[in-house]
Amino acid sequence: MSARWTTAVLDPQMTGGLAVARSPEGFLVDANGALFPRDWLKRQDLDVLCEHGIGHFDGQPVFLLELRSATDVPGCSWRGLRAFMLEGDFDTYKVLGYAAQIGTWAREHRFCGSCGQAMTQIRWERAMYCQPCDLRSYPRISPSMIVLVTRGDEILLARSPRFVTGVYSTLAGFAEPGESAEDCLVREVREEVAVEVRNIQYVGSQCWPFPHSMMLGFHAEYAGGEIVMQPDEIEDAKWFSVHDLPPLPAGRSIARYLIDLYVARRLGCDIPAFPS
């Protein structure tokens, strides 16, 4: 959360404020960005699936218009969420990241997972409700760990087949039922590269709205084993010197922060700011 942006449950029946429009193609933008006067946005010919009040930005209420499909709006275009993460105002990215998570949840929870009937939006909390089942569905958050494995002046980096060509990153994976974050870390490192770790140190967390992860970041020391890459998950993995690193993840990601923080400490450089 930032001083400019705070989340809140707002009643869509209230008037005024700002709004963002999200479709399967991304967020609607114009020359001024992705936040529009709400009254103007609702006058456009948009295929609205639902509307949610999501918080306040610079003191103004903000609403999400979740759309069934993209619509041409004069002077506007559609832009994916990752583009906002990589460049531009990080506070706006936080608004849109939250909006994307709420939009995904609202789209996926229109019907009860137990009986199949339509669910209704609760006005006073972030939940969808099935009256026959007395069942509430809340926005999904998927906890996952992300870890930089270290060995003195070397760090273990890997690349997935899904990565941008040449980029290496830290190891990561989702927590399983019954696991602590530390249990998940040990298992995922063992599964992905077949090495063991020790001295696990928590560093920080980051919301990762692609679509609904909570990344718990760690440093861990190498304890033994030879790298054996997990088929289909890891395309390459190797040890890199802190003096000679490959192309790395985006600067606003916790993956990049874990790397930059360790390198700064080893080289005696200034500690980087956390991407919060």
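Every residue, even glycine, has its Cβ placed from backbone N, Cα and C.
Cross-referencing E226, E233, E235 against the divalent metal cation 3 binding annotation in Swiss-Prot, which names E188, E192, picks out E233. Listed ranges 107-128, 173-194; the one Swiss-Prot annotates as motif 'Nudix box' is 173-194. Swiss-Prot lists E192, E233 as divalent metal cation 1-binding residues, and of the candidates A172, A220, A223, A250 the one it assigns to that same site is A172. Other Cβ atoms within 10 Å of the Cβ of E233 (divalent metal cation 1 binding site) number 16 in total over all chains. Between the C-alpha atoms of C207 (substrate binding site) and E188 (divalent metal cation 2 binding site), the distance comes to 20 Å. Taking the C-alpha positions, the distance from R82 (substrate binding site) to A172 (divalent metal cation 1 binding site) comes to 19 Å.
The local packing around C112 (Zn(2+) binding site), expressed as other Cβ atoms within 10 Å of its Cβ over all shown chains, amounts to 18. Of the recorded residues, C130 (Zn(2+) binding site) and Y138 (substrate binding site) place their C-alpha atoms 12 Å from one another.
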